[in-house]
Amino acid sequence: MLEQYIEIKEEVKKALDENKAVVALESTIIAHGMPYPKNVETALEVEKIIRDRGAIPATIAILDGKIKVGLSKEEIEYLGKAEDVYKVSRRDLPFIVSKGLNGATTVASTMIIAKMAGIKVFVTGGIGGVHRGAEESFDISADLQELAKTNVAVVCAGAKSILDLGLTLEYLETFGVPVVGFGTEEFPAFFTRKSGFEVDYRIDSEKELAEVINTKWDLGLNGGIIVANPIPEEYEMDHNVINIAISEALKEAEEKGAKGKKVTPFLLENVKEKTSGNSLESNIRLVYNNALVGANLAIELERL
Ligand code: PSU
Ligand code: MN
């Protein structure tokens, strides 16, 4: 039944059939997270890093209503340039698919599609979370609910402090989502290695990570797991610079009344502008770093 909607690229299908390591990648970061042409260059380089480690990359998006698992170079190029690409989270999926439109997938929808395809590991930059002021706005990313129910491990560099990181971690605890620090005791804040918040568990190797994930799912404990992998020290941003940019972006979002699915892209764009090229370079480097861990993790999971 699903075949009517999903198209899995040949090399991805082959790898899945042969129980080889596959790593899912999202496309909101390409269409809405970075400017052209850096977005396309980054997406292609991430795929290369994963391939060089011996795993198969599967970038996920919706093109003309088809759910694509694994994209060609041309398709990635299209997503990076086009203006008609919707940001697609769980609630948007049926509309974009049935209307035959183009969509870039968020963490939530990439997890859903990865699960449908049988992919266990997904690499991204940062996850969505509980927004600052959520006690009034109720703005909590659908990514968190997805992490609570869908069996995919998500490798990220934590979450940006455009969010309320404390509330995000509380929410994840309530919904039983393990937050693992990869080589760290502290939850990383995307651009910086530290946030002032502790993770639940520190794990130092991909093999150990794979064992924990496998055990979780063997026990029937559904849901994802967050592998929080801090940005390498040499690419970390200055705490002051990034914090000031984030406060200003938040103020502007409030003044302009940004709402709903536009909030996150508005804040991301604004922070990027306020830090010029600096934050973009950090962003790219942390994704590369996550790609490496994700590929290693996918390989370890297949060995078990
Ligand atoms: N955070 C980032 N970069 C991103 C996103 C979040 O630092 O590109 C994107 C991801 O695709 C994430 C989505 O799943 O934004 C969350 O959007 P929202 O807050 O509207 O759920
Ligand atoms: Mn939101």
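All residue numbers here begin at 1 and follow the chain in the order shown.
In case you wondered, yes, glycine gets a Cβ from its N, Cα and C as well.
Per TrEMBL, active site, proton donor is recorded for Glu26. Per TrEMBL, the feature substrate binding site maps to Lys87, Val107, Ser141, Ala142, Asp143. Among the features that TrEMBL reports, Mn(2+) binding site is placed at Asp139. Positions annotated as active site, nucleophile by TrEMBL: Lys160.
Locations of recorded TrEMBL features on the structure.
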residue : record                    : contacts (Cβ under 8 Å, 6+ apart)
Glu26   : active site, proton donor : Thr59, Ile60, Ala104, Thr105, Thr106, Val107, Thr110, Phe122, Thr124
Lys87   : substrate binding site    : Thr28, Ala31, His32, Gly103, Ala104, Thr106, Lys261, Pro265
Asp139  : Mn(2+) binding site       : Val130, His131, Gly133, Val263
Ser141  : substrate binding site    : Thr106, Val107, Ala108, Ile127, Gly128, Gly129, Val130, His131, Thr264
Ala142  : substrate binding site    : Ser89, Arg90, Arg91, Thr106, Ala108, Gly128
Asp143  : substrate binding site    : Ser89, Thr106, Val107, Ala108, Ile127, Gly128, Gly129
Lys160  : active site, nucleophile  : Gly126, Ala189, Phe190, Phe191, Ile246, Leu267, Leu268, Val271
Check: same-chain CB within 8 A of substrate site center, minus Lys87, Val107, Ser141, Ala142, Asp143: Ser89, Arg90, Thr106, Ala108, Ser109, Ile127, Gly128, Glu146, Thr264
Three-state secondary structure, which DSSP defines for Val107 (substrate binding site): helix
Contacting recorded positions for ligand 2, chosen from Glu26, Asp139, Ser141 when the Cβ sits under 6 angstroms of any of its atoms: Asp139, Ser141
Pairwise C-alpha maximum, in angstrom, for the residues (Lys87, Val107, Ser141, Ala142, Asp143) that bind substrate according to the record: 13
Secondary structure at Asp143 (substrate binding site), reduced by DSSP to three states: helix
